[in-house]
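Here is the structure we will look at.
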Amino acid sequence: MNPNQKIITIGSICMTIGTISLILQIGNIISIWISHSIQTGSQNHTGICNQRIITYENNTWVNQTYVNISNTNVVAGKDTTSMILAGNSSLCPIRGWAIYSKDNSIRIGSKGDVFVIREPFISCSHLECRTFFLTQGALLNDKHSNGTVKDRSPYRALMSCPIGEAPSPYNSRFESVAWSASACHDGMGWLTIGISGPDDGAVAVLKYNGIITEIIKSWRKQILRTQESECVCVNGSCFTIMTDGPSDGPASYRIFKIEKGKITKSIELDAPNSHYEECSCYPDTGKVMCVCRDNWHGSNRPWVSFNQNLDYQIGYICSGVFGDNPRPKDGKGSCDPVNVDGADGVKGFSYRYGDGVWIGRTKSNSSRKGFEMIWDPNGWTDTDDNFLVKQDVVAMTDWSGYSGSFVQHPELTGLDCMRPCFWVELIRGRPREKTTIWTSGSSISFCGVNSDTVNWSWPDGAELPFTIDM
């Protein structure tokens, strides 16, 4: 074969290969177009097949939440339809309390990235329940956890995470800069209330779906503060209580009615002989009931009940089973403040059922240790100390702390009544445990059930001190 023939042969082979390659590319383009057309068309069909099954492997991010799972099928596309939470149902009948969540955040925080927190509380929408908490702008077992026994600082913030999870930078959502706070969902969006600033000029910042909608300035210039638990939403309006004034004497107490983050009405309570702080509130048949802390002179708990027009009634739980801490031994109660061991106090809650009341309280009379639920069938109106049911949830030897109420609406549970629930803060570190340089807490929660339950202890369980404390 002479050189010219070789050139012609090689050229022919190259042209043949090029032609085949071009045909393959055209076929590939046609195949992609047909596949895209089929996928686009299938998205227009409705029915049970439009649920997307996504397989997550190893570590990934889902809706800004870090997930560490393997080969797990998750059904995506949960219905997120907005609806107004009516709040018109009565409380569900219950016989006891079932454990609902436990986050073990202090135990996990000895080795993982977990926030230093206090004042956790829980609130539920019609889709989910979330744990809200006040961070100290620091992580456990880190140098910035030093001195976090302080209540009010510019580093504190209200954040939230899915219920039952240890609060960390990887699963938590920023809500508001705050050292006192509340939050609730009206069925359409989250209302958050965050109070921050100096003691003599603090400001409450109201946000609706993350956007600032209203400001409340301290009117007494004496540590404006709010509930440290969920506010209450009824028929599209949300309600909260704030306190401004002395913690050891008469102060000023205001109820606010809020719609989509905007204040539509407010009143000041006429309660010169009562003291209302850190109220735990819940809806019941369209009204709002709040059970609060008397830090001035009552070892029984004050209450205020009001309707959607803010017409209100006030009083004290009459039972001789006293709910505050410190408190005297159970005995003769009063429908007015019980002055014995009445100074100071701790955030708490109760649920009213007619003349009866479920009382949540520490097991210790003098320190924040242990926790129990007591059913007094006449305790709302009678002053004796007789009760029918006592359920232990934290042993006397283990630390507790604040506690508060939250409810699950029928729109979430599918029940025809309002499910009562509560949470308990399990404080660890200073000032009681002086081997640490920090103060933080984990939490547990329970919900009411109409069945037999169990006495047990669900303590924090962390072994102290940590490495940073050595």
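Using the three backbone atoms N, Cα and C, a Cβ is placed for every residue, glycine included.
Going by Swiss-Prot, these are the annotated features:
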{"type": "ACT_SITE", "residues": "Asp151", "note": "active site, proton donor/acceptor"}
{"type": "ACT_SITE", "residues": "Tyr402", "note": "active site, nucleophile"}
{"type": "DISULFID", "residues": "Cys92-Cys417", "note": "disulfide bond"}
{"type": "DISULFID", "residues": "Cys124-Cys129", "note": "disulfide bond"}
{"type": "DISULFID", "residues": "Cys184-Cys231", "note": "disulfide bond"}
{"type": "DISULFID", "residues": "Cys233-Cys238", "note": "disulfide bond"}
{"type": "DISULFID", "residues": "Cys279-Cys292", "note": "disulfide bond"}
{"type": "DISULFID", "residues": "Cys281-Cys290", "note": "disulfide bond"}
{"type": "DISULFID", "residues": "Cys318-Cys335", "note": "disulfide bond"}
{"type": "DISULFID", "residues": "Cys421-Cys447", "note": "disulfide bond"}
{"type": "REGION", "residues": "11-33", "note": "region 'Involved in apical transport and lipid raft association'"}
{"type": "REGION", "residues": "36-90", "note": "region 'Hypervariable stalk region'"}
{"type": "TOPO_DOM", "residues": "28-470", "note": "topological domain 'Virion surface'"}
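The two recorded residues, Cys290 (disulfide bond) and Cys231 (disulfide bond), have Cα atoms 10 Å apart. Set side by side, the disulfide-bonded residues Cys233, Cys281 differ in how many other CB atoms lie within 10 angstroms of their CB, and the most is found at Cys281. A Cα-Cα distance of 20 Å separates Cys184 (disulfide bond) from Cys92 (disulfide bond).
DSSP assigns Cys129 (disulfide bond) to a strand. Separating the Cα atoms of Asp151 (active site, proton donor/acceptor) and Cys231 (disulfide bond) is a whole-number distance of 21 Å. Same-chain residues at least 6 positions away in sequence with a Cβ under 8 Å from that of Cys124 (disulfide bond) are, in sequence order, Arg130, His185, Phe406, Val407, Gln408, His409, Leu412. For the disulfide-bonded residues given as Cys238, Cys417, Cys421, the lowest number of other CB atoms within 10 Å of the residue's CB is seen at Cys417.
Residue environment of Cys129 (disulfide bond) contains 20 other Cβ atoms, counted within 10 Å of its Cβ in all protein chains. Taking Cβ-Cβ distances under 8 Å and a sequence separation of 6 or more, the neighbours of Cys92 (disulfide bond) in its chain are Leu415, Cys417, Met418, Arg419, Pro420, Gly448, Asn450.
Contacts of the residue listed as 'active site, nucleophile' defined by a Cβ separation under 8 A and a same-chain sequence distance of 6+ are given as Glu119, Glu228, Glu278, Val346, Lys347, Gly348, Val424, Glu425, Ile427, in order along the sequence.
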